Amino acid sequence: MLKRSVSEKEVEERMEEDEIVGYVTAYLKKKGFTQTEKVFQEEFQHNKNNSLLEPDIANHLLAFSQLESGPARFHDGYSRLRSWTYSSLDLYKHELLRVLYPVFIHCFMDLVAKGHIQEARNFFNTFREDHEMMHLRDLQKLEGVLSPAHLKEMEFAHSLRKCKFNIKICEYSYELLLQHLHSTQSTTILGIINEHINFQVSPGQPSLISDDPEAVTLTGSSQEAANRINQKEIHWGLLEDSLEERLEKAGALLSDSEKGEGEAKEGENDESKKRSIEGGKQGASVKKVKKDKSGTGTGKSAKPEANTVPAAPRVKPELPLPIIPTEVEQSILEDLRNRVQLSSVALPSVSFYTFINTHNGLSCSSISQDGSLVAGGFSDSSLKVWDMAKLGQQPINSLLQAENDTSQNEQVFAQSGGKRQYTLFQGHSGPVYAASFSPVGDFIISSSADSTIRLWSTKLNANLVCYKGHNYPVWDVQFSPVGHYFASSSHDRTARIWSMDRIQPLRIMAGHLSDVDCVQWHANCNYIATGSSDKTVRLWDVQSGECVRVFVGHRGMILSLAMSPDGRYMASGDEDGTIMMWDLSSGRCLTPLIGHTSCVWSLAFSSEGSILASGSADSTVKLWDVNTSTKVSRAEEKSGNANRLRSLKTLPTKSTPVYSLRFSRRNLLFAAGALAKSG
């Protein structure tokens with residue numbers, strides 16, 4: 001190669017010529033390039049006989065070297081590779097296209113590192129459209145690099161430089177790529193590929209386009225590192241002596257008909273809550289959507305599908321658990337007794353709260369366990385909480401009919417009169433990015449761009465504590481299933497565990513290579529899961545603060561997480577609309593769920609774990625059959641069938657991106673979002 005550092009040249013000058021030839025020959029033999037080895041030996045003998053170069057030949061080589069050292073070589077080399085790739089046969093094109101992104105970003109970073117800033121910007125802007133669909137977040141970070149100093153200081157760029165891309169490719173595609181690189185003789189592109197890409201060459205035909213989520217990964221966050229961490233033992237079972245376990249032992253579960261009556265009672269309560277809300281300054285109003293039960297009424301008496309999955313093991317808590325008041329315990333038991341058994345033939349009823357007239361100011365929403373309270377976090381730094389019971393006292397001013405089928409009766413209510421119909425919580429000094437109700441609903445926790453977390457009392461309507469610890473915006477915060485403890489995630493690439501009675505974090509989880517965008521508690525409170533812009537999900541032990549699982553496979557930043565009630569499975573949703581179902585014990589992806597066309601902002605498992613609900617920016621709620629995904633036959637496992645999870649139903653909204661989802665203990669599904677202006 002012509003591109004060498006001074007130290008490399010000095011070393012080579014000291015080495016014997018025959019020794020160099022021996023190394024090259026051995027390498028070519030190892031790779032099986034017999035034809036290339038033969039040509040190399042012939043050229044070496046020819047050069048040995050004509051060791052003195054004529055002056056004009058030397059001048060030509062010097063001119064070629066100078067041409068290859070200019071900034072234009074990056075643009076020309078990438079442009080030729082791009083044109084060749086897009087003109088390849090469709091059978092191999094999708095594999096060859098995987099090479100373009102690593103080459104693109106390293107061409108850009110090499111230009112910046114050499115001080116060719118204007119050429120770097122031109123190169124970046126010329127070819128960025130090729131990669132915006134798959135790597136938009138990465139491009140947004142890199143476009144802020146304006147000098148070699150920026151490149152050295154940026155953690156993301158540093159990780160790209162330090163790690164290699166692993167690219168899966170079939171043998172024939174690999175041979176085609178080698179032939180192209182040999183024919184173009186671009187030492188620049190060849191050098192980038194040699195230095196920054198590892199090819200995992202497989203025999204046979206190319207893999208399916210959507211078959212392998214790990215086709216392109218970074219060594220620093222890929223299966224190589226994940227496999228080492230995933231050997232650690234985890235205890236994913238449920239807590240000993242939980243309320244559910246006590247209920248099962250007492251044999252107090254009601255018959256199916258009684259459960260149906262229980263849900264009907266809950267439905268009546270919900271109907272009484274449907275009333276108007278005015279958003280005050282922001283004019284934010286809420287509407288509630290009630291799905292017609294006529295389609296699922298008979299399903300409630302149907303027996304649930306047989307489930308051969310063994311019962312979850314019992315584990316001891318690693319954190320001291322708060323004492324549950326007797327009246328709260330009785331209320332939870334009552335809900336569990338009246339829980340509706342869901343299945344693929346008995347889908348949940350859905351209540352949808354829609355914020356209107358938010359003027360694009362709604363940043364997040366949250367729903368309490370029983371759906372009685374709805375919170376909205378806004379970009380003007382306010383947090384607003386609506387009490388559904390109090391809304392029932394307001395007169396109806398307007399009604400907007402549904403645009404969907406008759407099974408969904410969507411109604412918009414707006415109150416008359418100027419009195420504010422929500423509780424306003426003020427204290428943050430930046431947009432509120434997340435909010436979470438405690439299990440009982442007496443507290444709400446919020447996180448903000450001001451890098452703080454605030455605890456509010458819904459009884460006193462006051463701020464109780466301001467928690468400071470993160471150095472940058474806090475993207476997400478979630479109460480634990482038992483209350484008292486909460487977890488947060490931030491732009492500072494950490495997640496933290498807190499308790500209500502301490503202003504300093506109990507644990508700090510560090511390990512992600514980029515923003516930690518979402519956080520979720522495990523059902524037994526011994527673990528938390530974090531989703532990051534580095535496209536990985538991690539599982540952490542709350543007692544030790546140690547990472548015990550790394551889940552690799554997403555191609556975009558992870559925006560939502562959900563844990564199954566038995567603690568066995570986890571679902572994660574990303575910015576591309578893909579959902580992945582994971583087995584926590586093995587760290588393996590059971591199946592990707594394809595269907596959404598935009599970001600998946602919220603995920604929720606039903607109370608018994610048979611249904612997964614997903615809410616997306618594409619303005620739909622989808623229901624998935626979890627049981628089919630977990631019953632994987634050995635034949636399917638070997639064949640790698642990637643579409644085992646069945647989509648049961650898609651519920652479109654009236655142009656309302658879905659911000660949050662919540663299953664009540666009785667298995668009523670609540671959802672919330674902000675109506676987007678069409679046109």
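Using N, Cα and C of the backbone, Cβ positions are placed for all residues, glycine too.
Keep in mind that TrEMBL annotations are predicted by a computer and have not been checked by a curator.
Copied over from TrEMBL, here are the features:
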- 69-197: domain 'TFIID subunit TAF5 NTD2' (DOMAIN)
- 252-316: region 'Disordered' (REGION)
- 256-278: compositional bias 'Basic and acidic residues' (COMPBIAS)
- 355-388: repeat 'WD' (REPEAT)
- 425-457: repeat 'WD' (REPEAT)
- 467-508: repeat 'WD' (REPEAT)
- 509-550: repeat 'WD' (REPEAT)
- 551-592: repeat 'WD' (REPEAT)
- 593-634: repeat 'WD' (REPEAT)
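Note: the repeat 'WD' (509-550) comprises 0 helix, 24 strand, 18 coil (DSSP; helix = H, G, I, strand = E, B). Annotation: stretch 425-457 has the most Cβ pairs under 8 Å to the repeat 'WD' (467-508), among 425-457, 551-592, 593-634. Mean model confidence of the repeat 'WD' (355-388) amounts to 92 (pLDDT, 0 to 100 scale).
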